[in-house]
């Protein structure tokens, strides 16, 4: 069987097995017996029964009120300011795609396709270069450390050691970033680590996004009072702060994306390095050993002449063969 076809079949089989096993684990962890859709319908039905009995409300009136209440209590749309547009373009080009801000007009949707077609390859090339620079720096550090400190002429399993160091860097980055979310947003540490890994790996579910405007939960007397605008920053100050904040977060996310990308690349290279290690002499199959004996065999002069005679039948002449060899 062709080696490429064999590799495709084995890797595809491994992928399908991993998907099946992972899906089963998520069912075990996340499955609930209760049907949330049915529970919500029963809650809405009981609310209608209460309002119909108390205010003699028709089903049409109840549907209008419930739809209006749903729109008022849902997540507000993000305003297309320059800083939010930068966040959208960054999420599009890095393929994170949280999904909380999306173009609503057809012109904006076509513009998104055009920007992404040109921007995603540029982004991937830039991240690839930064990731290679990080991986090369780590590999150089490992090589110099083993040569100067451990006095080894050449480091062994360089890719595996580089992958381990990059993994520790990624772990440290995620831990520190998660602690910031715990301190500033009162998130749990696990939720923060989950958010940062989902972001740095460009999965981008969008279920947790810091800084989004909160939806209205209930009416309070404070909602009907006007806020004091004297101490509020001006539009220019808010825009300037948002731009600098966006640039800082952009560089920070680029660092995390490149580190995680380097970790994944190092893991794949370590697997390839482990796969391509030369086996021990006793583990070489007989067919391979026989092939090696054939490769090391030197033909006699008579056998060489016979070979040239047989090649003459196909249009190859001894002079041509000599010139090619030279």
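Going from the start of the chain as shown, residues are counted 1 onward.
Heads up, the Cβ atoms here are built off N, Cα and C, so glycines get one too.
The transmembrane segment feature in TrEMBL is assigned to 12-31 (among others).
Restricting the average to the domain 'Potassium channel' (69-135) gives a pLDDT of 90. Residues or ranges marked as domain 'Potassium channel' by TrEMBL: 69-135 (among others).
According to TrEMBL, the feature transmembrane segment maps to 82-101 (among others). Residues 75, 112, 115-116, 119-120, 122-123, 127, 199, 202-206, 209, 212, 239, 242-243, 245-246, 250, 253, 257 of the same chain lie 6 or more positions beyond the ends of the transmembrane segment (82-101) yet place their CB under 8 Å from a CB of it.
Among the features that TrEMBL reports, transmembrane segment is placed at 107-127 (among others).
What TrEMBL lists as transmembrane segment is 163-185 (among others).
Beyond its flanks by at least six residues, the domain 'Potassium channel' (171-211) meets 91, 94-100, 253, 255-257, 259-260, 264 of its own chain at Cβ-Cβ distances under 8 Å. The domain 'Potassium channel' annotation in TrEMBL covers 171-211 (among others).
Taken from TrEMBL, the feature transmembrane segment applies to 191-209 (among others).
Positions annotated as transmembrane segment by TrEMBL: 247-271 (among others).
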